[in-house]
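Record features, source TrEMBL:
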type	residues	note
BINDING	K104, S208, A209, F210, L211, E282, D297	ATP binding site
DOMAIN	172-388	domain 'FAM20 C-terminal'
ACT_SITE	D277	active site
BINDING	D297	Mn(2+) binding site
Amino acid sequence: SRRHKLYREELNLTSPAAPLPLRPEASWLQFHLGISRDGLYPRSSPAVTRLLRDMQEFPTISADYSQDEKALLGACDCSQIVKPSGVHLKLVLRFQDFGKAMFKPMRQKREEETPEDFFYFVDFQRHNAEIAAFHLDRILDFRRVPPTVGRLINVTKEILEVTKNEVLQSVFFVSPASNVCFFAKCPYMCKTEYAVCGNPHLLEGSLSAFLPSLNLAPRLSIPNPWIRSYSFDGKEEWEVNPLYCNTVREIYPYSNSNRLLNIVDMAIFDFLIGNMDRHHYEMFTKFGDDGFLLHLDNARGFGRHSHDEISILAPLSQCCTIKRTTLLRLRLLAEPEYRLSDVMRESLLQDPLAPVLTEPHLLALDRRLQLILDAVGRCIDTFGEATVVANDSAQPQGPAAHRAKLDT
């Protein structure tokens, strides 16, 4: 704290700052202006390319806890927090031109798999999963994950010395190995054993660009119909009832919009990355019921390359519906000349922290893609392609009585 105070006094940071002009060409602003009902950015977006570069290179001008951590400290509304935890530390870093990104530090080495006995709701959050999820989402042409890039952060200069949050300052310490470390400050599991440490100052992490503020672009947070139980012994209806999708189809807005097709897209994405923790989804209110679903918070993906969690595909296998454009893209990525693992490998080489994924995780993508196509094939064999494969602008009317055929 004393060093931080001297640093601020030296730079005269205690005096009021002059108002900063808003540059129309700023990459953050251009990214926000490029959001449309088709996705968070156009297929070829120079603004996103510049934004990734800026998040990688711009110096930080402030650091603070995210709203999640502030809620745990009683500083904001705790009703929006799903599960309190001090292990999954994340920070909001600010840059020039009003740029803002979510920083998630490295908690697990790339070659480590999530232990088999871990429940999905206590799993680690992985910075490289956030990066890889952005690249996969772009390859699938969903464009629903905010731009994300890897970066080596100097935790002393780029967090401790620029934060005004005294609580955040207080959780920094120097380890016995002379590395600078910090940990989350909250009522649960917030100890030095759960700290993240630089080497001695540099720490890997992911930076995900913030979306426009809720004042400018309101969003809804909606429970996932295929939400999992967050207890050790509970089961949700979809886990025990193979006809569950018939119930969902009767509920607005899943009854008369593309929302169900978007849920299936999200399930396909989550199955490929191995994410079982999609309890809610968000969407912009401006685009109405048919707007795209935001694929946020993907840090629990890419935990186990050796296991394919088939239950994640329940929306697809129970509803037997898929967008034609999604299916065509999946089939293309199964072709030898456009193999998903090869396209991902090449895409991830653009990130500063490459290699982002280990080879087993890349090969798992090919295996899981084939499992998705097999599930679609079973649906088509049972109900016919005209029923299963939907034009993106219309939801098909699926059979209402015999979905259980696929489970027998």
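Glycine too: its Cβ is placed from the backbone N, Cα and C atoms.
A quick note: this is a predicted structure, and the numbers were derived from the prediction, not measured.
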Round to the nearest Å and give the CA-to-CA distance linking F210 (ATP binding site) with D277 (active site).
21
For the binding-site residues listed here (F210, D297), tell me which residue's CB has the most neighbouring CB atoms inside 10 Å.
D297
Rank the binding-site residues A209, L211 by the number of other Cβ atoms within 10 Å of each Cβ and report the first-ranked residue.
A209
Identify, in sequence order, the residues in the chain of S208 (ATP binding site) that are 6 or more apart from it along the sequence and have a CB within less than 8 Å of its CB; answer 'none' if there are none.
A101, M102, K104, E130, F134, P146, P147, T148
So the record assigns K104, S208, A209, F210, L211, E282, D297 to ATP. If I measure every Cα pair among those residues, what is the longest distance in angstrom, as a whole number?
20
Tell me which of the recorded positions D277, E282 sits in the most Cβ-dense spot, judged by other Cβ atoms within 10 Å.
D277
Cα distance (Å, whole number) from the residue listed as 'active site' to A209 (ATP binding site):
21
How long is the line from the C-alpha of D297 (ATP binding site) to the C-alpha of the residue listed as 'active site', rounded to the nearest angstrom?
9
Taking every residue in the domain 'FAM20 C-terminal' (172-388), what is their average pLDDT?
92
To the nearest whole angstrom, state the Cα distance for the pair L211 (ATP binding site) and D277 (active site).
21
Across all chains shown, how many C-beta atoms besides its own are within 10 angstroms of the C-beta of K104 (ATP binding site)?
27
